[in-house]
Structures are given as C-alpha cells and as structure tokens.
Amino acid sequence: MRQIPEDIEEQTAEVNMTGGTAEKLQSSEPTQGIVETITDGVTKGVKELVVGEKPRVVPKPGDGQKIYEIDPTLKDFRSHLDYRYSEYKRIRAAIDQHEGGLEAFSRGYEKLGFTRSAEGITYREWAPGAHSAALVGDFNNWNPNADTMTRDDYGVWEIFLPNNADGSSAIPHGSRVKIRMDTPSGVKDSISAWIKFSVQAPGEIPFNGIYYDPPEEEKYVFQHPQPKRPESLRIYESHIGMSSPEPKINSYANFRDEVLPRIKRLGYNAVQIMAIQEHSYYASFGYHVTNFFAPSSRFGTPEDLKSLIDRAHELGLLVLMDIVHSHSSNNTLDGLNGFDGTDTHYFHGGPRGHHWMWDSRLFNYGSWEVLRFLLSNARWWLEEYKFDGFRFDGVTSMMYTHHGLQMTFTGNYGEYFGFATDVDAVVYLMLVNDLIHGLYPDAVSIGEDVSGMPTFCIPVPDGGVGFDYRLHMAVADKWIELLKQSDESWKMGDIVHTLTNRRWLEKCVTYAESHDQALVGDKTIAFWLMDKDMYDFMALDRPSTPRIDRGIALHKMIRLVTMGLGGEGYLNFMGNEFGHPEWIDFPRGPQTLPTGKVLPGNNNSYDKCRRRFDLVSFSCAITFPH
C-alpha cells in the first residue's frame, strides 16, 4: 500500500505524542505516471476554472492557531491539535510538490478510468495487487487475450484503444466493460473503480460497468446558474426511488417534474438527495456504495440527473448530495472490496478495515491513492453534475477508531483528542473541505457527527475541520425521549437546553426527525403522537379524537420550536412535513444472518417504500414564508 510521502521539507512531530494515529505513515512516492499526466494539464485546468477574472484556487494553509482564541479550553490539547495541523500541512506540501497542487490532484478522473481523446480511448486502473490485467467487454466479445494491459512501477495498469478506421470509438457508448485480473485471490472480473455508469440487467445479480460517452447531441447542457448560498438553509431531505405515491422505484425525471415544484411551494430552499452513488443493494438506502462515480441507474441516466439538478436551480433550490466517504460496500462482485485480490487495496487490513455493525469496508485515509480517489470523487460531483454541496454521511465513524460504537460522548475534550482519534481521517476531512471551499466558494459542506467534535465547523486555516454545518442529531433523540413520557414530564428548560446546546461559532442543521426515524423498526413523530388513530380518525367525514387533536397540535409545535431554536439550518425528510403515515420498508426477501438466524422479508414489496403525497394537498402541509 503506497502511503503519503514523508520526505517533505516541513517535517512533523513524532506519532507517539498524545493523539497520534496508531501507526506512522510509511514513506513512499506517489504514482509518478499519473503525476506527470495530471500536472501537464495544471495550467490548462486553472485557466478553465475561471469565475469572472479570478481563477478558483485552494488557499494556502494558515497557521491553525485561531482555534485557541475561539475556545481557550483547547490549549490543554495543543499537542494533539498542533500535530493534527502539522500532518495536514505536510500532506498539502506533498501534494503541492508531487502533484502540482490540490486542484490538479483532485482531477484524477481525467486520467484514471476511461478517458477519450481525438485519437482513441485510454483506460487506466490502479490495481497493484493484480498479476495481470485485460480490458474485456461487449466490444471485444469478452476475450481476455484481445486487449491486455501493461503495468507501471506503481501498480497502474493501462491500455490505449485507437479509434476504428472510420473514426468511430473502439468501445461503443452504452456497451458493457470490465477489467479481468489475475489476482492473489484468483481470476476476477471487476467494474472499474472510476466507472461513470453501471447497470444491473433484468434477471441478473451482478452489475456491469457501462462505457458512458454519449454523442454531443445527447449530452445535457445546463441552462441555469447555480443559486447563491442562502443565509439560512431549509433542507428537504429526499430519496428519488421512494418519492412516488405509487409502489415502484421512481425516476429522476418524475422527481424533477412532480416533486421539485412541491418542494419549492413548501418554502424550502435546498433539496438534499440520498442514494445518488450507485449501490447494488437497494435496501441499504444508498449507504453501501459500490460505484462511487456513477449515479444510480435505477432512477435513470446521468443526463436525467443533470436535468433534475438544472430544474432545481431554475427554481432557486440548492441541490445537496448525501455523499458516502465513511465506508464502502463489502460487495466483491460490483464494488471496491478485494478489487485487486487483496484485503488492503483501498482499505485498512484486518479488523480495522471492517465495520462490524455496518458490515462494510473502511477506507485507509493514510493512502495516497485513496486520497486521490476520494478527493476526485467529491470534485467530480460538484464539477460534472453541478451539485451545490454535500452532506457527508457517517463522519463520527470516520474520526474515531472505535467509530462511536459502544461509546458515550460526555463532552470531555479528552474523548475527542486522544489515541482513539483517527488523525488520517480527520486530515482527509480537512483536505476535502479545503477543496470544496477553495474551488466552489458557494458550496455547502455539512457533516453528520453525533460526537460533538470541537473545531468541527471552524475553517481549516484557523485549525478546524472545515465544515459549514454540523448535523445536530441530539435534537431528534430528545423528541423521541419526550414522546415516550407523559405530557407532565416535559420540561421546557430541558427542551430549550437541548435545542440551544451547540458550540460558539459552529453552525448546526437541526431537525425534529429525518429518514432515520421513519425506517421500519422505529416510529415517526406523527406515529408516536397518534398511533393507530391515524388510520380511522383523520378523515374529513368523521370526528377526530383527542389523541388526533393533541397529535396535530404537537406535530406543528415541535417543528416550530425546533426550527426557531435548534440551529442555523433546518431539515425535514420528505413526507414527514404532513405526518406521513406508517414507516419506510425497502423491498426485501428473507435474510440469513451469520449466526444462522433467518430474518423474514416483506415479499419484496414496495408498498412501504413510497411517499403518499396523494393523501394531502399543499394547503394542509406546513409551508415556509418565501
């Protein structure tokens, strides 16, 4: 595993100081072949990234000392925080020296995966564990001897396919492609880590990578400028597939035409979309990603997604992507797990590389090529699809080697700055926030953190992690706690404390409930309040009950006080604004656990995997003033 080079002029402190990572980054060089090809285009790239007359650049690191002025308590943990910042500066310096800067480093998708030039197609893949590799697909009848690849000294396999005699592409647009490798764990066909589109054919289990290069007349051209970031975010959290009233998987096009206007009329100014990155298991809610650069094909084509985003921009809505960089699917057929036949390709080896609760793989953020992959992935969605920012999922799991599991955070600073902190992961978060805010100044960065990590929303030059907002998860838990108690047990002082308990100068997005509370096995606030009375006593042709009257009143009041006191942004999961009945249950069959226990499925039903917008008119739902 190539690690971040340490032979940089500015050396860092020893790892055995308080709060270092458990193992020191090994010295090695980055992938030189990729470096040369990327840095050749730095000048061109900067010229293309012009807003007015000013090129977009990632600012140089600051001194990282302002955090001690903001929060003097942090001085007691200066050794850890100064070490963290020195690691960040060291890696920035390494990227500057070896890659031509963060701007060039984050354009890995221009060299890795499939790239097209006037002369033909070049395909490159980093797979250092593979003994041999060949490009196979429909274009060569899946013949592993037809298009064998060559390997450089850094584990990057490459092949160039010249255009056909008539000038057409050697690989037709829309055809299936994979890389066949002889690996330490056997011969395997894999989808490129950098694939831009993948599809599961009807009746088949594995996905297939798709060579996606539509002709110019079929490419979507954005028509509308991206909105400026509002002072206060009002976010409508949504999922494309379950956004139809009908029991089916909905499409990008239908969401664009039917759901976006509803979101606008309700008064929200941002839509946050889940499950965009391709995921082979639909019931994972999009959190077990298999193809990081590919938008989910269940909902339509990449051009359909671009059309959706452009329409949202026309309506003045920001579009935020729920991005998953905290872990990866353990799927070895379609995803990154075991890609080159080794356990340590993109991930940590052994137990550290496996999330025991999520049953997924954990990235090695100390790897040079993993940094290239993830930073380029964030850049890709902002650049190619014009997303306006991200909600980073599972950040707590990233920042600690215990992943926040079986751990209660009490607010003691020693819980945040010690040997349990994964400094490599925190430094990655600093780098990606550097990239986002440097190249896309209006982009929004939200981190899902339940731990309350200090400095989380302080700018990186000041020594912070660099997020714009923390997703304030404690508020929803407080409401569920109260709903389990009698009305007489509700204490306004306790409620106000929870809603206002956030760090100075660190913004929060708060919510009364999100998709988590709507999942099967849990209850929405509406169901906690009204339970089975919702089925029989909410019709207009019959009287309601005291439980319904109380429930409707508190459903509104809980949202009002949460929005008013809870933070600088507000979030709602689609349908919960009007008290959506019942829960979310993805179609699934029976599942056998490693223990042998069988969990019953739901006969692969979509009945509970939809949003019943047909039950309510706009006038019944709470709206925001414009």
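Glycine too: its Cβ is placed from the backbone N, Cα and C atoms.
Automated prediction, rather than curation, is the source of TrEMBL annotations.
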Checking feature assignment: region 'Disordered' per TrEMBL, candidates 1-32, 161-192, 577-608. Which range matches? 1-32
Neighbouring CB atoms within 10 angstroms of the CB of Asp393 (active site, nucleophile), all protein chains considered, total 22
May I ask for the distance between Glu448 (active site, proton donor) and Asp393 (active site, nucleophile), taken between their Cα atoms and rounded to an integer number of Å? 5
Give, as a single whole number between 0 and 100, the mean pLDDT over the domain 'Glycosyl hydrolase family 13 catalytic' (255-610). 93
